[in-house]
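Asks: One structure coming up, written as structure tokens, with questions to follow.
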């Protein structure tokens, strides 16, 4: 899922050089790397960079939580109709039988106990915290590695460019937005994973390119790359046991947040050193940010209201279930 460019695997769009002196069961939401790093622009080296710490912290926390999942699961401590534990030399940390969980992880009961997204518990047992906790759980080692590798590749570089204060809200709110949409449409299975948050980062990258359109040179190629990678990964979400609604909800949330949090000053303003004759942001940037803020707030409010009132999104959209699984001769959908 990588392309070619003059400088790296995928070019995110070369920025206009800054003027001299500028400071330089249904397991898992997904197990696919959403995108390679787009922010490999050599001009970025001349801009101010931030020391990334949020993304590395998230990775460490996710790994610790997964280890705790396996401790709680304790495969040798209970019998399974699917056979023996995988990697029994790990003792309490050994994985459930391959036929039960091919992602090398715990049982669905363990995931549910630890905070997986469960519509019934969220709506009827007042456990709304599961909308957040599910984004910190993973269905297996394969699921965890795929998501964390993805986060390192795209998250670290994004945090270097925009800093913690802008990247952290995108990650956290996108994960929450993905959970809300998932809860509205996936009501017969549990769901876990950080993929909604990861797709939010991808959506934010697309919005950043659009709102800062004038400071990039090869922007059309960059836009094409992002759209193709997003389309491919969303298309992979139609496979069974993948919660594509979390992907879509996370992507849309991140896309809107990108217009709000990732806009940058016009090149003309930077070149003019902020003189009053040149406005810092273009009118279209301000309009996009305001509209995005309104749409995001309204979307989350309506989604939460519908969710906690027990609404089923499929009742109002007869074809939407195909967005997360398309039945074929090779598999069936049981969402």
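For all residues, glycine too, the Cβ spot is worked out from N, Cα and C.
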Asks: Labelled transmembrane segment by TrEMBL, one stretch among 114-131, 222-239. Can you tell me which?
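Replies: That would be 222-239, per the transmembrane segment entry in TrEMBL.
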Asks: Which of these ranges is annotated transmembrane segment in TrEMBL: 75-100, 283-308?
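Replies: Checking TrEMBL against the ranges 75-100, 283-308, the transmembrane segment one is 283-308.
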Asks: To which of the residue ranges 33-52, 53-72 does TrEMBL assign the term transmembrane segment?
Replies: 53-72
Asks: Looking only at the recorded stretches 136-156, 192-210, 222-239, 245-263, 283-308, which one has the largest tally of CB-CB distances under 8 Å to the transmembrane segment (168-186)?
Replies: 245-263
Asks: Could you pull the average pLDDT for the domain 'Peptidase S54 rhomboid' (126-262)?
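Replies: Mean pLDDT, the domain 'Peptidase S54 rhomboid' (126-262): 90.
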Asks: Counting only residues 6+ away from its ends, which parts of the chain sit with a Cβ under 8 Å from the transmembrane segment (283-308)?
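Replies: Sequence-distant neighbours of the transmembrane segment (283-308): 122-123, 128, 176-177, 180-181, 183-184, 207, 210-212, 252-253, 256-260, 263, 266.
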